[in-house]
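Under the heading domain 'Major facilitator superfamily (MFS) profile', TrEMBL lists 41-444. TrEMBL lists 1-22 with the feature region 'Disordered'. Under the heading transmembrane segment, TrEMBL lists 39-59, 114-135, 147-170, 205-225, 232-253, 283-304, 316-334, 340-362, 382-398, 410-432.
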């Protein structure tokens, strides 16, 4: 039986003795399996993201029932209680009727847009700081407390809507603060739990819960609204979040050293693989991204004041966020390995990407304001498929060519980004499309 101290025949022949990467052939198979503690942490984070996205999109799905009453007369008081059909002389077993006593509101599309967007105001403020905070006091506390707050506010949402539009907007903004903390704070978990060669698998396993959560709320939200009433969409997913918080605080630990049930072998494997990490440099590119994302929005609006066409501004921002960062990654694979050069190119590449937030990311608001929430959610969900495909394709390319595998990965990334950029530069538009216009307004 091989021991952990057994060396490979070529262990002493390597040119780079400073390379601290762990040879997986020397690690017991059970440490690398899905039954290990770190994969359990990834599955817990997976369901945390599932709940997060379900709560995030709950109002998007419920809005149809919240504003779609059987009474088409104008509601000047802002809301009404839907009545049972048998009280109006009809059958009360109509399958498409809303449940009794489910409030219906008279919100215009503009008001609905404000409600949809209010959660993002809070998320903008906490996504970056929460990552720093999680590194200081631990992901367990930051994400756990944020999930509790988000779940309680989701349960409170129907009451906030009844109290008035201002209460609802404030509630969703505070909810955004909590959800932004979950988005930003969870990544610090893998700084201490993710061996460098497994971070892609662990992170994508955790983040894929967002797609499952979106799928679940779209599938179940309408059914719940129709059978129980739209408030129960918030009650159910908020309640699930509250219960899950108990599991989070019991099962999640900030690092393998403090985990009471992890095996000694796995603990030593994780700690040894992370021995040479520098946490500040890992986080620094995201701080730069936060700054450039804000500056990009300022630059875009400044260009509009100088009579630049809106479509031109969107394409400039998309180009700045896409092309230079992709070129830098390709150049990185051809340069002589150098610590300072590598970190500089990675930081600049990551820092330029948020310029796209002022370009293609919000282009749906230009071409279809009434459907922007649906379009942006759909495009984001489609984009999450990259999180599933990337580690698989990267692993295949690296296994085919261990020496130049990363070069092939970066070249493939460049080709995909360039093809998408060219398509957008040629066909992109910023004018409201005919299919997205309100037909009633068009007739007038």
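Each position is counted from 1, following the chain as shown.
A Cβ is built for glycine as well, from the same backbone N, Cα and C atoms used for every other residue.
Please treat TrEMBL annotations as automatic predictions, because they have not gone through curation.
Bear in mind that the values here come from a model prediction, so they are computed numbers and not experimental data.
Here the listed stretches are 114-135, 147-170, 205-225, 316-334, 340-362, and the one with the most C-beta pairs under 8 angstroms to the transmembrane segment (283-304) is 340-362. Counting Cβ pairs under 8 Å to the transmembrane segment (39-59), the top-ranked stretch among 114-135, 147-170, 205-225, 316-334, 340-362 is 205-225. The average pLDDT for the domain 'Major facilitator superfamily (MFS) profile' (41-444) in the predicted structure is 83.
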